Amino acid sequence: MDPVAVHSCHLLQQLREQRIQGLLCDCMLVVRGVCFKAHKNVLAAFSQYFRSLFQNSSSQKNDVFHLDVTNVSGIGQILDFMYTSRLDLNQDNIQVMLDTAQCLQVQNVLNLCHTFLKSAPAAQLPGLPCAGGFSLQSVALDGTCAVSEHYPPPSLQECPVEGPQAKVPAEVNARAPSANFSRPTEVSKPDAAGGSCPELPCKQPNHYYKLRTLYSKQYYKQTACPSQVPATQQPLTRSASTDLAAADSQPPVEGRPAVLETPEHLPSTFVAPPVRNSGNDSEADPLSEPPAKQMRLKKAMHLKKLNFLKSQQSAECTSHPEPDNGLARREESAAKEDAVERAGSQTAEEKGRGELGPESSREEELPGAPASWEDPSQALQPQKQYACELCGKPFKHPSNLELHKRSHTGEKPFECNICGKHFSQAGNLQTHLRRHSGEKPYICEICGKRFAASGDVQRHIIIHSGEKPHLCDTCGRGFSNFSNLKEHKKTHTADKVFTCDECGKSFNMQRKLVKHRVRHTGERPYSCPACGKCFGGSGDLRRHVRTHTGEKPYSCEVCSKCFTRSAVLRRHKRMHGRADARSPVVLGELSRPIEPSDLDRSQSSDSFSQDVSVTLMPVSVKLPVQPVESSVAGFDGHCSGSYCKLRSMLRPPGMSDQDRLSLEPSKLAKPPELQSQPQAYAYSDVEPSAGVEQPQADGMAVSRSSLATLDNHCTEPLGSRAPSVTYRNSEGQFFSSMTLWGLAMKTLQNEHELEQ
């Protein structure tokens, strides 16, 4: 087997398996609630319609396309053909397949349908509404008009059934004009057309305005009753309507005007006017005028997006340099109608109506003609809006309105076959299924992170820019997307309607209650793939994984420090705010010049009696008595140092924090001579006895008298105290500060021993 063929088969098989499994499918076609997953590349390769649709909607975020087509089987069979190259055609589905292929512009399916029609006799095609007209020539005209630039001419030339015209009864000749009242002479007079069909594609104009006309006729074909089809031809007035009703008794393919407007049947005369030789122009002219009038019907808007109307007038003028009178009139009418559509001029429309002659006015007087025939300016009206009956929101398409109504009714017809969750739209179900399969086709171009939905990528990109356009009205906090803002606003509400069944705790959000219940159950379904540690919430797992990867996505704008959690970053930013608010006060105090009054105030405000309060308990041991010289010597070496330590450790009761801040700089800024010359003070008891041991009671009295003297001396300001020399000469026994502290500790120890 050819390696290229093997390679192609393998590629096609893999694409088909991916479509069946729903993997890597980047679009979804929704037809009457039925979802068809597919690949855009495959659809664009086979369908010119999808190629233009995808190219013109490249900026579209949604990958779900709603096709309002009545028959679902036609879409499904064409998709199967794209992925398998097999198409099952029979007399029952040939009409559906031909209609759908014409709408979607699938050239391969059109070729197969035409081949099937060529091989099948006209009498064996019950699905066709008009056996004579459609089977003989309309197929060729359809193929020529819709896809004339790509369709091979030989297949078009062989479309008519060979030799049926001599055997066609007279009723067939009457039936053909009923469905196609612009071509009665071609069926009844084959000699006028030369008796051969190969000339038809040669003289048939290959302009895109005819394809536009094909879609334009669908609105009329759906709304108009078959019995109300105009029958202006005098020789075929009543028999045509009767035969048409019999022909339309077979079930046609119904359609609605939507994104894709599927016709009930596709006779060629609703596509374009027929082509004749110049032999019978006088008979063909009055009967060829109504199609020019039909071209003023509703236009399919999506064809304008495909640029099919861009250069139709110029191409029409250069295509046939020598047209006959009937063709010239039809082309002139079409050109005038296009000018009216583009410029909105009604004067040109009236002029074109006048050139159509009496047959045009007779056609307008027909009973049952739709309003679009009588009012040519209807095509220029804005597109119809479909408003919701409950909230009044307008929509351009009825299918979008139906989807919107589900938000009011709560209907969720789409169910996940894995977890059973229901959704109101098929696109939401598709995004949900990706979470089960793990497929993440959307990638962030900045960091490379992958997402399952396109909307998640758009919300993620805002994180890199740091933009938070959605602000809370209550607290002013900003959010990158509106959904997070809605969740945040619930935290400000006092209503707590979600209550835990086990502990009775209430919450204002459902997700908080679900997270709280995990604490009761102890369930930890989220495990770390690196270390195996389990967590109760997915957010906890994400934060834990950052400890392995080292990712710190939250950075401070002030110092550029990065953090793994947003809460830590918020606390860090508060530190910058406190420092900025406190720094001016401290710097102002330090920069203020030092005044002498500050020094005096600081000295007078500090009192040793206010700082230290010593309570001594009775002791049962003898206290050691030291001479005055040793006491004074010990005090001179330690008194000033211990006093400075106590002063720095203790604070006066009435001093505030601000006063302390204002005093400390002044202490630091004292002159060197004040700090280098500490004054020494000696303390002793009032009794003049020295060096004599006293009884236990006498020792206790000495200690108490010494403490009383110390307390009296500490009440004096430092500046008014006498020098220590006076105490050295007049006082005898003295207890240093360390001795007093030791005495107090010993007293407490003895008291504890007595209690034991």
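For all residues, glycine too, the Cβ spot is worked out from N, Cα and C.
The zinc finger annotation in Swiss-Prot falls on one of the ranges 138-160, 414-436, 621-643, 667-689, namely 414-436. Away from its own ends, the zinc finger (554-576) comes close to residues 543, 546-547 of its chain (Cβ-Cβ under 8 Å, at least six residues beyond either end). Per-residue confidence over the zinc finger (498-520) averages out at a pLDDT of 84. Counted with DSSP, the zinc finger (386-408) comes out as 11 helix, 4 strand, 8 coil.
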